[in-house]
Amino acid sequence: MIIRSPEPKVQILADPEVKILVDRDPIKTSFEQWAKPGHFSRTIAKGPDTTTWIWNLHADAHDFDSHTSDLEEISRKVFSAHFGQLSIIFLWLSGMYFHGARFSNYEAWLNDPTHIGPSAQVVWPIVGQEILNGDVGGGFRGIQITSGFFQIWRASGITSELQLYCTAIGALVFAGLMLFAGWFHYHKAAPKLAWFQDVESMLNHHLAGLLGLGSLSWARHQVHVSLPINQFLNAGVDPKEIPLPHEFILNRDLLAQLYPSFAEGATPFFTLNWSKYADFLTFRGGLDPLTGGLWLTDIAHHHLAIAILFLIAGHMYRTNWGIGHGIKDILEAHKGPFTGQGHKGLYEILTTSWHAQLSINLAMLGSLTIVVAQHMYSMPPYPYLATDYATQLSLFTHHMWIGGFLIVGAAAHAAIFMVRDYDPTTRYNDLLDRVLRHRDAIISHLNWVCIFLGFHSFGLYIHNDTMSALGRPQDMFSDTAIQLQPVFAQWIQNTHALAPGTTAPGATASTSLTWGGGDLVAVGNKVALLPIPLGTADFLVHHIHAFTIHVTVLILLKGVLFARSSRLIPDKANLGFRFPCDGPGRGGTCQVSAWDHVFLGLFWMYNSISVVIFHFSWKMQSDVWGTINDQGVVTHITAGNFAQSSITINGWLRDFLWAQASQVIQSYGSSLSAYGLFFLGAHFVWAFSLMFLFSGRGYWQELIESIVWAHNKLKVAPATQPRALSIVQGRAVGVTHYLLGGIATTWAFFLARIIAVG
């Protein structure tokens, strides 16, 4: 049985020279229309009969596919919404900078970042809550922040609160501009579909403009503003005495005093004598021992190099001049011995299905965000970031969660593409078709891998718990008994530690101190970073990571590959992206929609990321973070207990969760007490989710009808008829509170602990 999706409006361009790319005044600006709730849907616009109406209103407001099937109109709405999103981002950034200007101890921190903690929030003395204003040093009382903004401001060369005010106002102006642009490009000059589908032009502009010129302008700012200002700060000059940014930009002699090559201007550039610039464009590797961050001259060099690459990349694609790559040609030439037609037809998919496009972008951005999390601690980019343990832990945790959500989003939109945009009648023997035809083999093999990893990884722990319980430490898997050393990881560490002098002859240290070989870097008697030893304990928990990630992928991929049909429900595509069951009279067909796979995938994503951040938090406290005395002896926060304690489940519960929860549990009466309240409240939110996840719709409908009866008795019954949440709505509310409660609990646990001991 072939299920046809509605035909999308395809308009692939033959002639690249398109003249008029916008429609003028396509849709009038109508406040009357906006004031009508649900104006985008005939059904919802009629107003509420039952309380389900408010749920449908929220579910469909941004589901532009449900408003119209016209791809051009959908594209315009998405484009306009992007400007709204940018406006919110600028507004948020403005708020951050304003807090730094108005409520923070930034200038004091700048003078003494090793003894003063960053704070940008002071609680008003209402009901005694001023207890939350802890002493962060230098006589300032406020809430310690862990966002890393102070470090990034210092790296940018911001030396006063006035500069923060100006930036905050600038961001507000940009927020207004973005709002205007969102309105203008939907109501006044809306791009045609052809403009959205002109991928070569888009690639050229994004690569050369956003990434190329963006990196180049940041490199320019670093060289002309950040480097000299940080040079002065590092030398102990009072921030008020340092020349202002524009003085460095306008007066070359000022820069030449710090970096002699500036005296020669652009001559070395045009005479190809580039090594002259090595005083401010370096290739050192390792960390600046003064600040514990990457060398800012290395970072400037990096952005200059990246800019060149992206500027070249932005000239590679064929637009009006008949030279360069065409994406369609590249994709259609992409065939292998086992891939049939290869990527034939993929160009049409990616230019007519924004869900398919978004799915790929989310998968890549999610992976990249997780890569950022790994690099923020192993290559700390900003001055004094590495010794601010609370910020390090927060940045790692934040980027891991964000990456996890983005990757689940990738699966969600891939499934929506399969249901709404995929047309099986036009796709034959291309890569996607071939994947779909052997999906049973893929999923069953992946399932086998999950079972194997699950039993073996947990089996190793259970073995250790059993041996430990029976008093047989000599029979445990550990660094002191039966060793399971991560030899491949150790080999990679060693290879990178040896790289300076061989693969990178100019570098004096490896890319990251964590590889080994180097000495530790300490700032103000606190460890910034040192070689991280890997042993049996890491080998065990890494296999738990492998297990949880593979199960997440199994659930999400099954949802995508079986989104349109399965043996159980051959006509699944007709039921849509989310549905509770395959109608009455077909038992055992509930919770099979693509949406339900996303729902289940979220729980396993939560499992995966939780284990990762727990591993990171304990490993760093045990083997990296700590203090160093004058004799060079390092005392770690948990005294290196990870290797011996984390090899049993009991050890994780006793020496990590319970032992490190003491700070949050005992926080009442101290400046950390808000975390104690959050810890309690977030546990409650998490438990509240179970009420939605464990009970059925009928239970609530019965309860509601009793309550409505009571209201009728008292003649206070509402006109809108109350309804229980649908099955899908209940699960959505459940998973939202589960994740919100779980993440906020972890946040309170981590921060109370690390602010107290870090």
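Every residue gets a Cβ built from N, Cα and C, even glycine.
Remember, it's a predicted structure, so these values are computed and weren't measured experimentally.
Under the DSSP three-state reduction, C581 ([4Fe-4S] cluster binding site) is assigned to coil, being neither helix nor strand. Counting every protein chain shown, the number of other Cβ atoms lying within 10 Å of the Cβ of C581 ([4Fe-4S] cluster binding site) is 17. According to Swiss-Prot, the [4Fe-4S] cluster binding site annotation covers C581, C590.
The Cβ of H683 (chlorophyll a' binding site) has 15 neighbouring Cβ atoms from other residues within 10 Å, across all protein chains displayed. Per Swiss-Prot, chlorophyll a' binding site is recorded for H683.
Of all the Cβ atoms in the protein chains shown, 11 others lie within 10 Å of the Cβ of Y699 (chlorophyll a binding site). Residues or ranges marked as chlorophyll a binding site in Swiss-Prot: M691, Y699.
The phylloquinone binding site annotation in Swiss-Prot covers W700, and the record cites sequence analysis as its basis. Cβ neighbour count for W700 (phylloquinone binding site): 17 (other Cβ atoms within 10 Å of its Cβ, all protein chains included).
Residues or ranges marked as transmembrane segment in Swiss-Prot: 78-101 (among others). Long-range neighbours of the transmembrane segment (78-101) within the same chain, counting only residues 6 or more positions beyond its ends whose Cβ lies under 8 Å from a Cβ of the stretch, are 62, 64, 120-121, 147, 149-150, 153, 161-162, 164-165, 167-169, 171-172, 174-176, 178-179, 181-183, 185-186, 191, 196, 354.
Only residues 6 or more beyond the boundaries of the transmembrane segment (164-187), in the same chain, are considered here, and those with a CB under 8 A from a CB of the stretch are 25-29, 76-77, 79-84, 86-88, 90-91, 93-95, 97-98, 100-102, 106, 153, 158. Taken from Swiss-Prot, the feature transmembrane segment applies to 164-187 (among others), supported by sequence analysis.
Marked as transmembrane segment by Swiss-Prot: 203-227 (among others).
The transmembrane segment annotation in Swiss-Prot covers 299-317 (among others).
The transmembrane segment annotation in Swiss-Prot covers 354-377 (among others) and rests on sequence analysis. Within its own chain, the transmembrane segment (354-377) has Cβ neighbours under 8 Å at 74-75, 78, 385-386, 392, 395-396, 398-400, 402-407, 409-414, 416-417, 420-421, 529, 616, 620, counting only residues six or more beyond its boundaries.
The transmembrane segment annotation in Swiss-Prot covers 393-419 (among others), and the record cites sequence analysis as its basis.
If you look up Swiss-Prot, you'll see 441-463 (among others) marked as transmembrane segment.
When Cβ-Cβ distances below 8 Å are used as the criterion, the transmembrane segment (539-557) is approached by residues 407-408, 411, 442-443, 446-447, 449-450, 453-454, 456-458, 460-461, 477, 484-486, 489, 597-598, 600-601, 604-605, 607-608, 611-612, 615, 646-647 of the same chain, each at least six residues removed from its ends. The annotation transmembrane segment is assigned in Swiss-Prot to 539-557 (among others).
A Cβ distance under 8 Å defines the sequence-distant neighbours of the transmembrane segment (597-618), meaning residues of its chain 6+ beyond its ends; these are 377, 393, 396-397, 400-401, 404-405, 407-408, 411-412, 415, 541, 544-545, 548-549, 551-552, 555-556, 558-560, 638, 642, 646, 652, 656, 660, 731-732, 735, 738-739, 742-743, 746, 750, 754. Taken from Swiss-Prot, the feature transmembrane segment applies to 597-618 (among others), supported by sequence analysis.
Within its own chain, the transmembrane segment (672-694) has Cβ neighbours under 8 Å at 131-132, 134, 143, 663-666, 725, 730-731, 733-738, 740-745, 747-749, 751-752, 755-756, counting only residues six or more beyond its boundaries. Sequence annotations record features per position, and here Swiss-Prot assigns transmembrane segment to 672-694 (among others) based on sequence analysis.
The transmembrane segment annotation in Swiss-Prot covers 732-753 (among others) and is backed by sequence analysis.
When the binding-site residues C581, C590, H683, M691 are ranked by how far their Cα is from the Cα of W700 (phylloquinone binding site), M691 comes first. Distant neighbours of the transmembrane segment (441-463): 435, 476-477, 484, 540, 543-544, 546-547, 550-551, 553-554, 557-558, 561-562, 647-649; these residues of the same chain sit at least 6 beyond its ends, with a Cβ under 8 Å from one of its Cβ atoms. Secondary structure at H683 (chlorophyll a' binding site), as computed by DSSP, is helix. Sequence-distant neighbours of the transmembrane segment (203-227) (same chain, 6+ residues past either end, Cβ-Cβ under 8 Å): 155-157, 245, 248-249, 255, 258-259, 280-281, 296-297, 299-300, 303-304, 306-307, 310-311, 313-317, 319, 327. With a cut-off of 8 Å between CB atoms and residues at least 6 apart in sequence, the same chain places G734 near M691 (chlorophyll a binding site), listed in sequence order. For the recorded site, Y699 (chlorophyll a binding site), the DSSP three-state label reads helix. Ranking the binding-site residues C581, C590, Y699 by Cα distance from H683 (chlorophyll a' binding site) puts Y699 first. Across the structure, C581 ([4Fe-4S] cluster binding site) and Y699 (chlorophyll a binding site) place their CA atoms 18 angstrom apart.
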